[in-house]
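According to TrEMBL:
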- 19-113: domain 'Pyrroline-5-carboxylate reductase catalytic N-terminal' (DOMAIN)
- L23, G24, T25, G26, K27, M28: NADP(+) binding site (BINDING)
- N72: NADPH binding site (BINDING)
- 177-281: domain 'Pyrroline-5-carboxylate reductase dimerisation' (DOMAIN)
Amino acid sequence: MSEETYEVAAPTPAMPQLRVAILGTGKMGGILLQAFLKNNLVSPDQIFATVHHPERAQALSVQYGIEMTTDNLAAASQADVILLGVKPVQVPALVEQIRPALSPEKLVLSIAASVMTSSIEKAAGHDLAVIRAMPNTPAMLAAGITALCAGRFVSEQQMAIAQRIFQTVGRTVVVDEKHMDAVTGLSGSGPAFLYIIIEALAEAGVNVGLPRDVATLLAAQTTLGSARMVLETGYHPALLKDAVTTPAGCTVDGILELEEGGLRVTLIKAVKRATQRAKELANG
Ligand SMILES: NC(=O)C1=CN([C@@H]2O[C@H](COP(=O)(O)OP(=O)(O)OC[C@H]3O[C@@H](n4cnc5c(N)ncnc54)[C@H](O)[C@@H]3O)[C@@H](O)[C@H]2O)C=CC1
Ligand SMILES: O=C(O)[C@@H]1CCC=N1
């Protein structure tokens, strides 16, 4: 297995000096916040998070034992690394709001789909280090993958810091920014596509007589095991498929149905469509 594992994230050393702000602690921001705390990446007094509603800030503050408010500028002012976790269309207003806190020494990590590093740099009005990241929800189990790309003013050291931060939630891969919408359509949205496949396989199991819990277990573990085979053997998926397909056996009959139903083309279209939509999200 490679150094970067996906079952359990590579142990990420604590960064004792680092102070992190998460602005917009929703589904994805919340997953990241919990991972940072669980992995002792930073201690609770080094992390400052915000949400939109004061009541939610209060409740989450108690839940996580951290400073949690609705004051983005105050949170950003206290941090070295500022993670933008709001919706794409909300990013420009957020950057405008925290502009007084954006000095050239700070590192901005944006997980917003669609939003270009250049638009954040421009809104900051100076040479700001911006890294765009696209994590996915299996981050909750440290089984995610985060693609990262650097803006114009990012040093190698800052990219290394970003990788260490996102390694708390799984693997990381550095890509050119021109690929980020495609990454969004594939691995950002991908868990939703795969849950539908798992749900459908389980439904099929029920249809052929299995109890639902057994069918769901079989479908999910088969998906997990098959993914591990691709990652850990390095074999092409087609070769692994061939090994399952006994001549004149039952698998080939199932494959025929999949091809006739257009599963392959449908998945390609789904990723293409999600990629296309990812390009538009920054504009609402
Ligand atoms: N959900 C996912 O699987 C992934 C989401 N993303 C990106 O993460 C971002 C957030 O997505 P989700 O977590 O799914 O949405 P969400 O709606 O759960 O989270 C957005 C959060 O922003 C907060 N918020 C809104 N306005 C705010 C403001 N002015 N100040 C502070 N907080 C504010 C809201 O209270 C909410 O908690 C999006 O940009 C999305 O593209 C990226 C990768 C995967
Ligand atoms: O659906 C979305 O827009 C976000 C980005 C990738 C996953 N969720």
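Using N, Cα and C of the backbone, Cβ positions are placed for all residues, glycine too.
Between the C-alpha atoms of K27 (NADP(+) binding site) and the residue listed as 'NADPH binding site', the distance comes to 18 Å.
In this structure, the binding-site residues under consideration are L23, M28, and the one with the smallest number of other Cβ atoms within 10 Å of its Cβ is M28. Under 8 Å, Cβ to Cβ, and six or more positions away along its own chain, T25 (NADP(+) binding site) finds L33, A49, T50, V51, L60, M68, G85. Neighbouring residues of the recorded NADP(+) site, listed in sequence order and excluding L23, G24, T25, G26, K27, M28, comprise I22, G29, G30, L32, V51, G85, V86 (Cβ within 8 Å of the Cβ centroid). The local packing around G26 (NADP(+) binding site), expressed as other Cβ atoms within 10 Å of its Cβ over all shown chains, amounts to 14. Counting neighbouring Cβ atoms within 10 Å of each of the binding-site residues (G24, K27), the lowest count belongs to K27.
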